[in-house]
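Listed features, source TrEMBL:
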DOMAIN    B:39-149  domain 'PurM-like N-terminal'
BINDING   B:Asp41, B:Asp86, B:Asp221  Mg(2+) 3 binding site
BINDING   B:Asp41, B:Thr55, B:Asp86  Mg(2+) 4 binding site
BINDING   B:Thr56, B:Asp57, B:Asp134  Mg(2+) 1 binding site
BINDING   B:Asp57, B:Asp86  Mg(2+) 2 binding site
BINDING   B:His64, B:Glu274, B:Trp316  substrate binding site
BINDING   B:Gly133, B:Asp134, B:Arg159, B:Ser223  ATP binding site
BINDING   B:Asp224  Mg(2+) 5 binding site
Protein chains: 2
Amino acid sequence: MSQADDPATGTVGDLGEFALIGRATAGRIHPPSVAIGPGDDAAVIAAPDSRVVVTTDMLVEGRHFRLDWSSHHDVGRKAIAQNAADIAAMGARCTGFLVSMSCPSTTAVSDVDALTAGLWAEATRVGASIVGGDVTGGDRLVLSITALGDLEGRPPVLRSGARPGDVLALSGPTGRSAAGWALYEAGSATYPDLLAAHRVPTPDPADGPAAARAGASSMCDVSDGVIGDAGHLSAMSAVRLDISAADMEIPEDVVQAGIELGVDPLHWALGGGEDHVLLATFASDDVPTGWRRIGSVSAGTGVTVDGVRWEGPAAWTSF
Amino acid sequence: MSQADDPATGTVGDLGEFALIGRATAGRIHPPSVAIGPGDDAAVIAAPDSRVVVTTDMLVEGRHFRLDWSSHHDVGRKAIAQNAADIAAMGARCTGFLVSMSCPSTTAVSDVDALTAGLWAEATRVGASIVGGDVTGGDRLVLSITALGDLEGRPPVLRSGARPGDVLALSGPTGRSAAGWALYEAGSATYPDLLAAHRVPTPDPADGPAAARAGASSMCDVSDGVIGDAGHLSAMSAVRLDISAADMEIPEDVVQAGIELGVDPLHWALGGGEDHVLLATFASDDVPTGWRRIGSVSAGTGVTVDGVRWEGPAAWTSF
């Protein structure tokens, strides 16, 4: 094929909607649970539990991601990862994703190919596939992801079930995405793992079902920051959550990045969002292996750190 | 409450994401099949068939709708209706919708309220509710809708099942949306029902399950126009579809609008999209009551009208 004939060197406008969908879907491998994949009016996927867990997020270029920091592949991966985390936060296993995309007709097909590869890579990593979607023109890149999940016979783990006497725990470290963001802002390339953690969070998709099996009483993923998300659990469970600062895990590279940038790394760990690890409450003996206790649940309202209301940076806002 | 304190007179930016979500979700009535509605990390809805049907569409202001023609209420209704039609086209019943919205922070809260009311009105009309979503800032209004459905124990009706000897049938008239569009373009207000049909299609949500019960061999909804959508059935079923022009239903107001604008109304009926009625094939004796036979299925490829390849206007393109 000559270069002039190779669609990968052209634009989305040259290629057209149907050929673009063909590139995104042709030859992809779906799990056996996908009865009908892309190409019909709708997809059909197994819901063995006879209930389906479903969530959606919209990502807007310049607001949720920056194409000067993140590759199209990264953007695709992160878009899937943050929706997968919402499924995990219910204690469910991901069963499928739908992806809608709006982009300018001048967008390079190679960029869309990279985005698609990232979407598929992360969907596959969490054990699922992309079963449908939509593409359309628009002024800038907008992605909308819907994730579906299965509860495998368990009750969903809600935000509202925390009880006084429970312990508060995290499935992994927080603040890595916020530290990476701060490094990008400062133009520093010193800690590539933190930059990567900001571009693409990679929580373990098994953590949500494991927490549910262990009897988690409430759970959410850390998208707004530990303080902000603890606030959601506190408000919806009508309990007080007290976080012990000394119990927060601060990875060594986050400590070092804090020194480089003159930031208390505890602020990233408590206030930074988008790590997409899980924050949950458990009866004291039920905390799963690999989780870290960071606090306690008591009667009352609100979130405190070492008994004091947190005065650090506010959570993410959409407007 | 003084006017200054009334959030309905303010903007989305004044109100903020969480209050906006609160206005869209508080006090809404969900069917009993919605186990967990909005407010947690994800929703949980019943999937009694142990399979879930799922589809998504993205609508961009200025491309899929015009706010000088359509009210925000209309836009909300149409966004749900076109996704509900994709569920119906599989022979399924709608069980829930998710809605993501991006809009400028300067958007009036009253406009979002009207949009939300339209979304809810149409979701309710088709027997379901809005179980989740996302709102975020952006340059212009972008909506992404995901619809879920249940097959009630039936096999899905695919695009690929048409067989030579079947008949081709429509669940309702086509061309009304296209006629309405042409009237808007011409600045005519002569046929308000056609203008309304363009703003909000209102197919009967029972048509899809009824067609499936009747044994439809293939089906899709008319979004790209009868010719374009028949082309999808033809290609995926590897059959030839021949449409009889004399059998197309042309409502009297469409005929009159054609005279006013100097357009052959058959072009609207065959080439116009967005009516979202259903196009299906059946064994000759199986066509359900209320459907209209418009053609036949034979061995071969492609779509013809009265035996001749159609040379009318092309279908909708996204770029």
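Placement of Cβ uses the backbone N, Cα and C atoms for every residue, glycine included.
Owing to the predicted nature of the structure, the values given are computational and were not obtained by experimental measurement.
A map of TrEMBL features onto the structure.
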{"residue": "B:Asp41", "record": "Mg(2+) 3 binding site", "Cβ neighbours (10 Å)": "29"}
{"residue": "B:Thr55", "record": "Mg(2+) 4 binding site", "Cβ neighbours (10 Å)": "28"}
{"residue": "B:Asp57", "record": "Mg(2+) 1 binding site", "Cβ neighbours (10 Å)": "23"}
{"residue": "B:His64", "record": "substrate binding site", "Cβ neighbours (10 Å)": "23"}
{"residue": "B:Asp86", "record": "Mg(2+) 3 binding site", "Cβ neighbours (10 Å)": "28"}
{"residue": "B:Gly133", "record": "ATP binding site", "Cβ neighbours (10 Å)": "25"}
{"residue": "B:Asp134", "record": "Mg(2+) 1 binding site", "Cβ neighbours (10 Å)": "22"}
{"residue": "B:Ser223", "record": "ATP binding site", "Cβ neighbours (10 Å)": "23"}
{"residue": "B:Asp224", "record": "Mg(2+) 5 binding site", "Cβ neighbours (10 Å)": "20"}
{"residue": "B:Glu274", "record": "substrate binding site", "Cβ neighbours (10 Å)": "24"}
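The subset of binding-site residues (B:Asp41, B:His64, B:Asp86, B:Gly133, B:Asp221) lying with their Cα within 10 Å of the Cα of B:Thr56 (Mg(2+) 1 binding site) consists of B:Asp86, given in sequence order. For the binding-site residues B:His64, B:Asp86, B:Ser223, a Cα to Cα distance of within 10 angstroms from B:Thr55 (Mg(2+) 4 binding site) holds for B:Asp86. For the domain 'PurM-like N-terminal' (B:39-149), residue counts in helix, strand and coil come to 34 helix, 45 strand, 32 coil, using DSSP. Not a single one of the binding-site residues B:Asp41, B:Asp57, B:Gly133, B:Asp134, B:Arg159 has a C-alpha within 10 angstroms of the C-alpha of B:Glu274 (substrate binding site). The binding-site residues examined here are B:Thr56, B:Arg159, B:Asp221; by Cβ neighbour count within 10 Å, the least packed of them is B:Arg159. Looking just at the domain 'PurM-like N-terminal' (B:39-149), the mean pLDDT is 96. Filtering the binding-site residues B:Asp41, B:Asp86, B:Asp134, B:Ser223 for a Cβ under 8 angstroms from any Cβ of chain A leaves B:Asp41, B:Asp86, B:Asp134, in order along the sequence. The secondary structure of B:Asp221 (Mg(2+) 3 binding site), as reduced to three states from DSSP, is extended strand. Put simply, of the binding-site residues B:Gly133, B:Arg159, B:Asp221, B:Ser223, the one whose Cα is nearest the Cα of B:His64 (substrate binding site) is B:Ser223. Among the binding-site residues B:Gly133, B:Asp134, B:Arg159, B:Asp224, not one has its Cα within 10 Å of the Cα of B:Asp86 (Mg(2+) 3 binding site).
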